[in-house]
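Peer 1: One structure, as structure tokens, below. Some questions next.
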């Protein structure tokens, strides 16, 4: 029951974190136009957020352990709140340079803080719930997607009620409150566990725990597992490329989708958030489905990517397809994209940790999980960085419809690159069947 309440608290922080990140999408681009911030510059402002996240993920993944996990979770929420508190300052200036500087700073700090929280969160799931990793990961992703779903809608609503600053002040305050609760609740339970398990030892040579820790430290020094060893493995790198492609295509629409709805379909700015909610809504549904079933990971990832790729070509759609742009076509494609992106997005990290546990010895599993979580979140941040930058740059040379087609071709290549994992999984399954048959004989 203690772990369940802790898991619920972590997901509450996950929800607040994702709400704070996504509420900016529907109204900031329109507000930024007053300062002539458009195109590639707007993409850079949106893209600087995951640059901070990528830096944070790699650092946290390297230093993360059971002793500092709670501190990092609380610290992440506090740092994100500082980034959110930067945005109300934008209303106090009329200078374009100051506006851009504060926007970049706020986005960078928010991204750094969010991944400081999310990296230990995703590392804790396989460590604390080894028997139900897929289901717990799906639940965590449900709260993430629900946050991204409600973020634009809540952002539009709060913007209408209280103006530009109100959404940021509200969620920055919520982040501070969650940080305090995390520190008091999880930190206190961790201290109790340490006190209960500690016993006075007269001499270290008679301390079995001390001797085993020394041996373990020597083993870790010998193996010296790092990011380089992990990315050399084909299942790891091919899975991370899937995540990169998903995050690029998902965040590609953050700065320009709202403008596309306004210009192409005459949707008012205060209503854009409802249309942009189609993808996270569908993803939430997909996450709930994944949490209820057990499926073959590589097959589910590959199948999901096939449907994601098809959906991508209908986002516009491209004039080559001879289909006139309609709001229901674009929204349906976004919904389909969100629904079928759930299997690859949720199962990639469990698939990577599963392969690492097969590759490395048991004493290295905790280190592998921390490093895998760091890589996973760093790749997410990299994709979230590249998506808005690419969209801003492509908007200056191509139409929205043509840009969607280019991303579809990119997804085709990434999906084909992952295909060998199905063959590897099939061979291992056949070997297991042969071994089982021989044992029965």
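These residue numbers are counts, starting from 1, taken along the chain as shown.
Every residue gets a Cβ built from N, Cα and C, even glycine.
According to TrEMBL, the protein has these features:
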| type | residues | note |
| --- | --- | --- |
| DOMAIN | 6-428 | domain 'Major facilitator superfamily (MFS) profile' |
| TRANSMEM | 7-28 | transmembrane segment |
| TRANSMEM | 40-60 | transmembrane segment |
| TRANSMEM | 72-92 | transmembrane segment |
| TRANSMEM | 98-125 | transmembrane segment |
| TRANSMEM | 137-158 | transmembrane segment |
| TRANSMEM | 164-182 | transmembrane segment |
| TRANSMEM | 233-253 | transmembrane segment |
| TRANSMEM | 273-291 | transmembrane segment |
| TRANSMEM | 298-315 | transmembrane segment |
| TRANSMEM | 335-353 | transmembrane segment |
| TRANSMEM | 374-395 | transmembrane segment |
| TRANSMEM | 407-424 | transmembrane segment |
Peer 1: I'm a bit unsure how to read this: which one of 137-158, 233-253, 407-424 has the highest number of Cβ pairs shorter than 8 Å with the transmembrane segment (335-353)?
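Peer 2: Comparing 137-158, 233-253, 407-424: 233-253 has the most Cβ pairs near the transmembrane segment (335-353).
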Peer 1: Can you give me the average pLDDT across the domain 'Major facilitator superfamily (MFS) profile' (6-428), rounded to a whole number?
Peer 2: 82
Peer 1: Hey, does the transmembrane segment (137-158) touch the transmembrane segment (273-291), meaning at least 3 C-beta pairs closer than 8 angstroms, sequence gap 6 or more?
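Peer 2: Result for the transmembrane segment (273-291) with the transmembrane segment (137-158) is yes.
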Peer 1: For the transmembrane segment (98-125) against the transmembrane segment (233-253), do we get 3 or more Cβ-Cβ pairs below 8 Å once near-sequence pairs (under 6 apart) are dropped?
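Peer 2: Since fewer than 3 Cβ pairs under 8 Å link them, the transmembrane segment (98-125) and the transmembrane segment (233-253) do not come into contact.
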Peer 1: Give the nonlocal contacts of the transmembrane segment (407-424) in its own chain as ranges (CB under 8 Å, at least six residues past its ends).
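Peer 2: Here the qualifying positions are 234-235, 238-239, 241-242, 244-245, 248-249, 252, 298-299, 301-302, 305-306, 308-309, 312-313, 315.
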